[in-house]
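Trainee: Pasting the relevant annotations from Swiss-Prot:
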type     : residues      : note
SIGNAL   : 1-24          : signal peptide
DOMAIN   : 51-407        : domain 'Peptidase A1'
DISULFID : Cys79-Cys168  : disulfide bond
DISULFID : Cys93-Cys106  : disulfide bond
DISULFID : Cys98-Cys123  : disulfide bond
DISULFID : Cys109-Cys118 : disulfide bond
DISULFID : Cys322-Cys369 : disulfide bond
Amino acid sequence: MASFLHNFLLFFCSLSLIILTSSATKSQTHVPIRPNKLVLKVQKDRATNLHVVQIHKRTPLVQFPFVIDLTGRFLSVNCENQYTSSTYKAPVCHSSQCARANSHTCRTCSSSKTRPGCHTNACGLLTTNPVTQQSAQGELAEDVLKIPSTQGSSPGPMVTYPHFLFACAPSNILQKGLPKNVQGVAGLGHSPISLPYQLASHFGFPPKFAVCLTSSPGKNGAVFFGEGPYFMKPGIDVSRQLTYAPFTIGQQGEYYINVQSFKINNAMLPSIPKGGFGGAMISTTTPYTTLQTPIFRALNQLFMNQLRGVPHVKPVAPFGACFDANRIPTSKMGPTVPSIDLVLDNKKNIMWRIFGANAMIQPRPGVMCLAFVDGGMRPKAPIVIGTQQLEDNLLQFDLMNSRLGFSSSLLFRRTNCANFNFGTSSTNTDP
């Protein structure tokens, strides 16, 4: 009898321990993940030189490519191309979601059958193709979005934003000039429903994001949301040793930095307007830095004066200063040419240095050109800093303090923007 009682007690204790352990394990697997940093992989499209980010949306979950746009105010999605999701909703006009999106327009869909992007009494948003600047009214919508978390060195578990706000855009404006098969535009601009603001607000981390665009098609650059560190192989925190400068916001949510002048080999650009050139817009949808005609001509002349001993050749459009590529040696920083400094604050010696890899382009064999183009007499901004000059540089946007942190070329630190360890992110998600 004593032996039976002893065995029964052992069995009961073992069973209780198994139940408690199972319950604890189950509880742990359902603890909501509150990440302090998120990451998306971004690739350079060979045909357009635009950069495309992969985003998971809908129910059931599907991954889609979107062009990243630093001037975009929200995520614009082609909802006319078989958009199927059980969690799609169109907030009604004058709702709190519409107020958050600064939408004060009620739209009516002419179709008798409702579908994603076509609801009556929904909120209207003006959607724009960032390449062609073609615009059309779209529908404010919300749906599930999932995104990989990270501690800074590799992707972690996917986390969920169940009611992410975006715009359903007409398919005809999301085609011309954009990479094949993209499903819309990922807006990173200064707006309440842009990706950076929504993600920071939902997950509770500081409103900061960083862009690291790769120069190599087929490889992955990264867009980080949240504070650093951001590690690139071999274990380099590229968020350290940044130079900082204030930025201002344009009417459409664009980011501008003040450029006082250009400097090449310590030679300052002549004929500088009082106070400098003013706002230089940073753009991920402009392939090469675009300059107002007088600035373009002056910079080309100064660069040709400083690049001595290299024969000039006939310019290849759209570039203005081209050279015999066989006479330009290369190094880890790209073509060995004089570096170009964007002088942001001459008194404080704050400069953004552009080395050969970002300054030069080889449009055809044997020819190398200065990768700056003429924007005409009345461009959107006197200077638009394009992706050729942004690639393999880390740019961190601190939205709370209106401050830009920039690394200059990561090649100088023996790494680049394709060196984030994406590996394979976990499929585990939070609620």
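Here the Cβ of each residue, glycine as well, is placed from N, Cα and C on the backbone.
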Trainee: How big is the gap, in Å, between the Cα of Cys369 (disulfide bond) and that of Cys118 (disulfide bond), rounded to a whole number?
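Mentor: Cys118 (disulfide bond) has its Cα 48 Å from the Cα of Cys369 (disulfide bond).
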Trainee: Based on Cα distances to Cys106 (disulfide bond), point out the closest of the disulfide-bonded residues Cys98, Cys118, Cys123, Cys168, Cys322.
Mentor: Cys123
Trainee: Helix, strand or coil for Cys93 (disulfide bond)? Use DSSP.
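Mentor: In the DSSP reduction, Cys93 (disulfide bond) maps to coil.
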Trainee: How far is it from Cys79 (disulfide bond) to Cys123 (disulfide bond), counting Cα to Cα, in Å?
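Mentor: Each residue's Cα considered, Cys79 (disulfide bond) and Cys123 (disulfide bond) end up 15 Å apart.
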Trainee: Please tell me which one of the disulfide-bonded residues listed here (Cys109, Cys118, Cys123, Cys168, Cys322) sits closest to Cys93 (disulfide bond), measuring Cα to Cα?
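Mentor: Closest by Cα: Cys123.
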Trainee: Considering Cα atoms only, can you say which of Cys98, Cys168, Cys322 is the nearest neighbour of Cys118 (disulfide bond) among these disulfide-bonded residues?
Mentor: Cys168
Trainee: Taking only the Cα atoms, work out how far Cys109 (disulfide bond) lies from Cys123 (disulfide bond), in Å, as a whole number.
Mentor: 11
Trainee: I need the nearest neighbour of Cys322 (disulfide bond) among the disulfide-bonded residues Cys98, Cys123, Cys168, using C-alpha distances.
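Mentor: Going through Cys98, Cys123, Cys168 one by one, the Cα closest to that of Cys322 (disulfide bond) is Cys168.
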Trainee: Helix, strand or coil by DSSP: which one applies to Cys109 (disulfide bond)?
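Mentor: Once the DSSP labels are grouped into three classes, Cys109 (disulfide bond) ends up as coil.
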Trainee: Provide, as an integer number of angstrom, the distance between the C-alpha atoms of Cys98 (disulfide bond) and Cys168 (disulfide bond).
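Mentor: Pair distance, Cα basis, whole Å: 14 Å.
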Trainee: Where's the emptiest Cβ shell within 10 Å among the disulfide-bonded residues Cys109, Cys118, Cys322?
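Mentor: Taking Cys109, Cys118, Cys322 as the disulfide-bonded residues, the minimal 10 Å Cβ count falls on Cys109.
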Trainee: Can you tell me how many other Cβ atoms are located within 10 Å of the Cβ belonging to Cys168 (disulfide bond)?
Mentor: 27
Trainee: Return the single residue from the disulfide-bonded residues list (Cys79, Cys106, Cys123) that has the minimum number of other CB atoms within 10 Å.
Mentor: Cys106
Trainee: Round to the nearest Å and give the CA-to-CA distance linking Cys168 (disulfide bond) with Cys123 (disulfide bond).
Mentor: 11
Trainee: Just to be sure I understand the packing, how many Cβ atoms besides its own are within 10 Å of the Cβ of Cys93 (disulfide bond)?
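Mentor: Step by step: centre on the Cβ of Cys93 (disulfide bond), count other Cβ atoms within 10 Å, giving 19.
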